[in-house]
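Read through the structure below, which is laid out as structure tokens, and then see the notes.
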Amino acid sequence: MSVNYAAGLSPYADKGKCGLPEVFDPPEELEQKVWELAQLVWQSSNVVFHTGAGISTASGIPDFRGPHGVWTMEEQGLAPKFDTTFENARPTKTHMALVQLERVGLLRFLVSQNVDGLHVRSGFPRDKLAELHGNMFVEECVKCKTQYVRDAVVGSMGLKATGRLCTVAKSRGLRACRGELRDTILDWEDALPDRDLALADEASSLTGQEEDCRYPCQGAQTHHASRAPGTRTCPSPWAPPCKSGLVGTCHWPPSAAEAGWSSSTFSPPSMTVMPTCVSTAT
């Protein structure tokens, strides 16, 4: 829950302005704005979405600074309200709309501050996703940068060791990497991950130039854990490209599939060269 996430952060005085009221547009005005947004998306060849906590509130995960946000309630001396856990939360209609926009070629890249993992669970391709604050379900090897996506939250925060070791072998017959695994969740003073930030900045700032495909992990091969039930491993989006050219599909655990989540497919980014224009972000 965002409650547990917030409680796991270090004490920090300046959490921004909390308790701002929500504003709802009249139906006619909303319809007009949606139409204008749809036209912008349709006409642009470089659409990039930026998402935050608001898109997950419909799944039962509270935001932080809204009328009933975690930090708003904290300021008032009240206990935050929540309706679900990170493990039980399901992607919202907004998450699934973004998946569909990407599938039909209208959404080039997605930048998110959310740590709830719902973008990955929705089936959004990770090579087109930058999670700037980390993911509660992901831990990463400090040596080979392989990321492990777990069935439950990793259990630590602040880029700390999780107590597990990397089990991926570079090739048959070689020993496992055995690098230390760490969570990917940032604390208040942690710097944004360099490669996520670089890709997010590049995708969000292209203005009329032809796109060179600079995404790493082209032709990456998915690895499946054999000794840890309920876990899957996949190459980090930032890992060096491998030469196998194989593409794998990491299926979410049965509990997630039964809840209606689609599996997450890790595939190489498109090599198509496309003209771009100023990115459209929401």
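Cβ atoms here come from the backbone N, Cα and C positions, even for glycine.
A quick note: this is a predicted structure, and the numbers were derived from the prediction, not measured.
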TrEMBL records CYS141, CYS144, CYS177 as Zn(2+)-binding residues. Which of CYS18, CYS166 is assigned to the same site?
CYS166
Secondary-structure category, per DSSP, in which CYS141 (Zn(2+) binding site) falls:
strand
Using a 10 Å radius around each Cβ and counting other Cβ atoms from all shown chains, which of the binding-site residues CYS141, CYS177 yields the largest count?
CYS141
Minimum Cβ neighbour count within 10 Å among the binding-site residues CYS144, CYS166: which residue?
CYS144
Around the Cβ of HIS133 (active site, proton acceptor), the count of other Cβ atoms that are within 10 Å:
19
